[in-house]
Amino acid sequence: MWSSLNDWLWNERLWLPANISWAQLEDHDGLVFPHPQDTLMAVPLALALVVVRFTFERFVALPLSRWLGVRNQIRRPADPNATLEKHYLMKGREPTESQMNLLASQCGLTLRQTQCWFRRRRNQDRPCLTKKFCESSWKFVFYLCCFVCGTMVLYHESWLWTPVKCWENYPHQPLKPGLYHWYLLELSFYISLLMTLPFDTKRKDFKEQVIHHFVTIILISFSYSLNLLRIGSLVLLLHDSADYLLEASKLFNYMHWRRMCDTLFIIFSLVFFYTRLVLFPTRILYTTFFESIGNFSPFFGYYFLNILLVILQLLHVFWSWLILCMIYSFIKKGQMEKDVRSDVEELDSSDGEAAEECPQMKNGAAQRPGAAPTDGPRSRAAGRMVNRHTPAT
């Protein structure tokens, strides 16, 4: 059964041009060709990258963040309340107004106290600034290394400058060692990102990130198995050229180096728009749609490749819209305030409410009206001075 399923999955009529067989892509006369089973090496390498990443974040990025003055915002934890906690975990983080009123009556709290509890509880689940800094540090280092390595591997290759040469003598194109190692490294990295996605900072484009990682992993594995490494390498290099700039911009944002953050973000935006909205459709999609079938008729693998690339292009358009929103905010306010994908830290008192409208609750009850306030501006400032912290924005 497994043998028949494997034969069906790797049917030559599906994945290879007409009159081409897998036997022709076996190693011969000292020439080495890609084999689908080579991609299995990416799984243990991905696990190794996960270990390297957490080691890097723990022993390099975290001390670096402290040395650079990155500080977490001081958060007041929500008071223990079994009823509100059960609703938060089971029914949602943002109750409706009617649900708020019902919960307030069940707990013996005012509506404002209940709203305040949910704001504080949501803030507890938001990632701290040092966690974001460590994640971006790892991605910056890896994206930059991949871009440098990819440039070194492809710089002297003719197809980097003339994409139509990706199809010369296809699929009889020997595998080069440098391209093999770089390709396997990229595949391992994206698998590791998928492994750590549940633990990473969740942003508003979380679903799009999942789709992107799945499409990228399938595309890299598929292009390697079908010896489409030339066009695949161009796609990888094109993406790596902008990603490290975004992570660098985030790092400077977390460090509150506004001018450097704004400058890098503008550079990133220009590179992103040019590579994803100009080069990708005019050079990559054009050659895969039209120039690739100059020597053979379309087959299933041809359609499958282009469908994956079109999905990537749709994601490019989506992220371009988010970047334009950030640029609009930048022009309007004069500085880059936040990533529009990020979850914003909520204040204990929102919509201009006074701080006394959200009093400290103890065991489900509000602080006594006559008691001395413990959350005034002077108390908070004194607490920050004692702890030698400043609030992060």
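Glycine is treated like the rest: Cβ placed from N, Cα and C.
Listed as Cβ neighbours of the transmembrane segment (39-56) (distance under 8 Å, sequence separation of 6 or more from its ends, same chain) are residues 137-138, 141, 184-185, 187-189, 191-192, 195-196, 220-221, 224-225. Taken from TrEMBL, the feature transmembrane segment applies to 39-56 (among others).
Annotated domain 'Homeobox' per TrEMBL: 84-128, in sequence order.
According to TrEMBL, the DNA-binding region annotation covers 86-129. Applying DSSP to the DNA-binding region (86-129) sorts its residues as follows: 32 helix, 0 strand, 12 coil.
According to TrEMBL, the feature domain 'TLC' maps to 131-332. On the 0 to 100 pLDDT scale, the domain 'TLC' (131-332) averages 93 in this prediction.
Residues annotated as transmembrane segment in TrEMBL: 140-160 (among others).
If one looks beyond the transmembrane segment (180-199) by at least 6 residues along the same chain, the residues whose Cβ comes under 8 Å of a Cβ in the stretch are 34, 38-39, 41-43, 45-50, 53, 142, 146, 149-150, 153, 209-210, 213-214, 216-217, 220-221, 224, 229, 232-233, 236. Residues annotated as transmembrane segment in TrEMBL: 180-199 (among others).
What TrEMBL lists as transmembrane segment is 257-277 (among others).
Feature annotation from TrEMBL assigns transmembrane segment to 311-331 (among others). For the transmembrane segment (311-331), same-chain residues at least 6 beyond its ends with a Cβ under 8 Å from one of its own Cβ atoms are 205, 208, 211-212, 215-216, 219, 235, 262, 265, 269, 272-273, 276-277, 280-281, 285, 337, 339-341.
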